[in-house]
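Engineer: One structure follows; several queries about it will come next.
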């Protein structure tokens, strides 16, 4: 059995609102093996960023997070989660954020922001920490890194800032890297550069990578496994090749059908869209959350719990009709 | 940074010139100063004599240059009422006001900033609600009433502190409390709202993700960005506190600048009024310029250029 860098069972996140408790994440299971890249995909509001942020323990206080099991980089975090997480952050686990412009502090130099973590955690001297910062900046493709340590974030372009964020995440030599839509705020041309960089780093450093995205093109490029999230649950998890070749969950099929393929999709034709809207997540939700939008839904889809059909290790699909879909 | 500072100083200098011209002009806004000195029932010949004696018969530009020239050498003219140099009168009164103003500002800052930060860390928590009560009552209670109540309770009933005057340091206790209570709400609210904004930013989340302990996240990452508006507000508040409060100085019978300005207005002692306005305006210019420079030190984006 491969070593798990992340093993979460039945993760739930709820947020109190004026209209009741919003159950944004409703029982998510996530496993990532050492050196594996898992992409968590889904449309806006499906709970993927909340899932990632709760793994880092960075949700605001009012969010209620529970799980049956929470293990990360070989440590059991199920109990006393906050205190134990605090010791992992910036060391074994690091995170990259969506918008590098707002994730770098405008009033501190790049050098300060890169070195402050390891100077504390590993008791490095300033010059040792700066040497590592230069190494990491060089690694992520920032030219002339030594001279740029004294510069402030506003002296860098968006793509460079995301590279700096990645360098900052690598400073503590993490085993698990969580990237929350790291290319959403960047130009299309820069996006592929950043993703290529992430892929290379993942391979070179043997990182486990949890990549949150809603861009299926990104997924195809760098994932081993894909988890498709819908309305706070994982609908399907499969290896990337299998998922694109033979999606099994009706939602995954709908997602893939909505991607235009150059040369195949006729110009000017309307792309197929999934009808209906995402269900509201306030209060309890019975049965399959996708059934109102699903072409093959039947009466049995309203029953709880939705059966989980497991394939190979860690791979599954939650759909009572799944047999019919593949048939 | 140097070019930023020199630009700011140039602007400040221009503001100073404008301010000096305006405060000089005040002398003539309220009517013929010669008649004001001679008294409304005075004879025309007296007024004419005064006009010549004080040089009011010369062109305005010449009078202004003469006035600003002596002001630059530290001579702000003679008080019409006391017939002694204005600088001497102001020098006698400034000590009380400056002491009171500085201490009150420091006290207000020391209370308002930690309270604002604590309130922002847990919005709607008990500290936040307590802070809101302090802020609302601080803004709603008139300072003369609070001053009088403080005198009655702590000066008269308990007899802990003198009820008026600034002959001993104890005399400053009540005025400092009342004056800083007046300054706290705004300082605290701006700290709180600044902190709430900054605590929600991605770079604060990123700082936590780096594994920094909370006190470093707050002091290094959050507070530094949150204090920018506080610095600007502090310049204005400190200016207000240093210019002396007519109300507070009257209630506590302190002979400070606020009362001097008020009395000089009543006496039509225009050179004194003019000088006080000039000095206080320059004080504001200096304080806001310092605040701008301090903000540029804190936030590199404000420095312009590279």
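Positions of Cβ are set from backbone N, Cα and C atoms, glycine also.
Bear in mind that TrEMBL entries carry predicted annotations, made automatically and left uncurated.
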Engineer: State the residue range annotated as transmembrane segment by TrEMBL; the candidates are B:199-225, B:226-252.
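Structural biologist: In TrEMBL, the transmembrane segment feature sits at B:226-252.
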Engineer: Looking only at residues six or more beyond either end of the transmembrane segment (B:100-121), which have a C-beta under 8 A from one in the stretch?
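Structural biologist: That would be 127-128, 131-132, 134, 166, 172, 175-177, 179-181, 183-185, 187-196, 199, 218, 223, 226-227, 230, 234, 237-238, 241-244, 248, 254, 256.
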Engineer: Using a threshold of three or more Cβ pairs below 8 Å, and leaving out pairs closer than 6 in sequence, do the transmembrane segment (B:130-157) and the transmembrane segment (B:169-185) count as in contact?
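Structural biologist: Touching, yes - the transmembrane segment (B:169-185) and the transmembrane segment (B:130-157) meet the threshold of 3 or more Cβ pairs under 8 Å.
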